[in-house]
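*Asks:* For reference, TrEMBL lists these features for the protein:
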- 18-37: transmembrane segment (TRANSMEM)
- 49-73: transmembrane segment (TRANSMEM)
- 85-108: transmembrane segment (TRANSMEM)
- 115-133: transmembrane segment (TRANSMEM)
- 139-161: transmembrane segment (TRANSMEM)
- 173-192: transmembrane segment (TRANSMEM)
- 204-223: transmembrane segment (TRANSMEM)
- 229-251: region 'Disordered' (REGION)
- 281-502: domain 'Major facilitator superfamily (MFS) profile' (DOMAIN)
- 282-306: transmembrane segment (TRANSMEM)
- 318-338: transmembrane segment (TRANSMEM)
- 376-397: transmembrane segment (TRANSMEM)
- 409-428: transmembrane segment (TRANSMEM)
- 440-462: transmembrane segment (TRANSMEM)
Amino acid sequence: MPPAAETKLGYTPPDGGWGWAVVLGAFISIGFSYAFPKSLTVYFKEIQAYFSVSYSEIAWVSSVMLATMYAAGQWHQTFDTIFRLNVLIAVINSNSFLCAGPVSSILVNRYGSRPVVMVGGLMVSSGMVLASFGTSIIHLYLCVGVIGGLGLAFNLQPSLAIVGTYFHVKRPLANGLAMTGSPVVLFTLAPLNQFLFDCFGWRGSFLILGAIVLNCCVAGALMRPVKKSVKPQPKTETPPAASEEDGARSSDFQIEENQTESRCQGCAHRFIDFSLFKHRGFLIYLIGNVVMFFGLFAPVVFLAPYARHQGIDEYSSAFLLSIFALVDMFVRPLTGLLGNTKWIRPRIQYFFSFAVFFNGVCHLLCPLAQGYVGLVLYTVVFGMAFGMLCALLFEVLMDLIGAQHFSSAVGLVTIIECGPVLLGPPISGALVDAFGDYKYMFYACGVILSACGIFFFVMHFYNYKKLDEERKQSLAAERRTSEEAVKLKMSPDDKAAYEAEG
């Protein structure tokens, strides 16, 4: 495991202590952010009948809340109805969350993570309580969709950002544990919502959920700012593992050390750092992810329908999604643990590239799965690949640009990724409609992800090579500067002797 090192944050992260309480808070906050909108679909059928609205209209309630990372299976009574809702959610559910990304970045940069997460929890709770008194579907749009969606957006990004301020050496493990909150909370909320609905109906359930989601405020309270005390240390040789990782973001990105910039010149930079678009590593990440997101979610959306197309009954088809979520739940922390080892951490971008390529190969082989046993095997392997990718998705971004710029980077990435997140599933659905077979959709997604994996491999090989060259040039320049400083302090006789020696 690489040792702790002084980073460009200006202090040494504690890599433990209260940081594990922060990881627990991030686990809760991230879990609700990703899982809460998807769990609400259990109430759609009853709400649809109550307000006499169409499938499309009721789907907007959840779709405006959040960009779901994957459309997981719920505990439903009528699979065909919910499948159509889930497809709609996967197509249009990212508007509120993705567009709120830059807003969340500005608030985190200005006020820190703790108040933003706590306010977000209050917003989600207020939205659910107000929605329980709703008299029209528009009321639910505003309360659940807009208010709740903004609240969830204010929970996700600050939770991701603050983990990077507490951890450096153990950051992949910490991020992996925090990201595990998504499948764990989803796996818990799905049956809980069905129980609440059976006992209290949708109005009573919304009231109770408004109270449950206040746990986000508790999670936010755990996120106290890190104590940035710097202990003076003698200059020592930087360990190879730590230096390679620091070089992955410092050599490529010249951070402005001067904190006395004029207000008019630095106002925009304080909130959203647009200079990231000049960062080589950030551009590699952004380009690859934009293409990758076109094929990332569709296989999850169409997994259960594909099983039904193969003649599997609806309940067994839906159970595949539960298997997927269960595997994902265990793979994420294991991926973080593996990514934290001394063999992988210095070149963690290659690990992410492998995860993307692994997803692509998995989808290319999916049409070969025969029968329910074959689909279960595919689901298990897919859950492993997807969990690896999600556990590393934000860690590799932080590795490239550093924790100090992570909040701005996430805001910029999410708003740009809005397009592929929205267009990916409907384009895949159009392939199914055009060919009348799901296998071409899986082939297309497999090709996209495999190509992105190869792209990441090649570009990060180039990036690491350039970083090594820049680091060597920097060390050579420092050495020349040191030698010149020594010569200036020497007497003429000592200087002549020094030059004669070497």
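Keep in mind that glycine also has a Cβ here, set from the backbone N, Cα and C atoms.
Tell me about the setting of these features in this model.
*Replies:* Remote same-chain residues near the transmembrane segment (18-37) are listed as 62, 65-66, 68-69, 89, 93, 117, 120-121, 124, 148-149, 152-153, 155-156, 158-160, 162-163, 166-167, 174, 177-186, 189, 213, 215-216, 218-224, 226 (criterion: CB distance under 8 Å, separation of at least six residues from the stretch ends).
With a cut-off of 8 Å between Cβ atoms, the residues of this chain six or more beyond the transmembrane segment (139-161) that come close are 25-26, 29-30, 32-34, 36-37, 40, 47, 60-66, 96-97, 100-101, 103-105, 107-108, 112-114, 116-117, 119-128, 130-131, 175, 178, 216, 219-220, 223, 394, 403, 406-407, 410-411, 414.
On the 0 to 100 pLDDT scale, the domain 'Major facilitator superfamily (MFS) profile' (281-502) averages 85 in the predicted structure.
Beyond the transmembrane segment (282-306), the same-chain residues lying 6 or more positions past its ends with a Cβ under 8 Å from any Cβ of the stretch are 68-73, 79, 83, 86-87, 90, 253, 276, 317-318, 320-321, 324, 356, 359-360, 363, 366, 375, 379, 382, 386, 389, 396-397, 400-401, 409, 412-413, 416-417, 419-421, 423-425, 427-429, 432, 438, 441-442, 444-449, 451-452, 455-456, 459-460, 463.
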*Asks:* Counting CB pairs under 8 Å, which listed stretch among 204-223, 376-397, 409-428, 440-462 touches the transmembrane segment (318-338) the most?
*Replies:* 376-397
*Asks:* Are there residues at least 6 beyond the ends of the transmembrane segment (115-133) whose Cβ is under 8 Å from a Cβ of it, and what are they?
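*Replies:* Contacts with the transmembrane segment (115-133): 25, 29, 32, 36, 104, 107-108, 139-140, 143-144, 146-148, 150-155, 158-159, 203-204, 206-207, 209-211, 213-221, 223.
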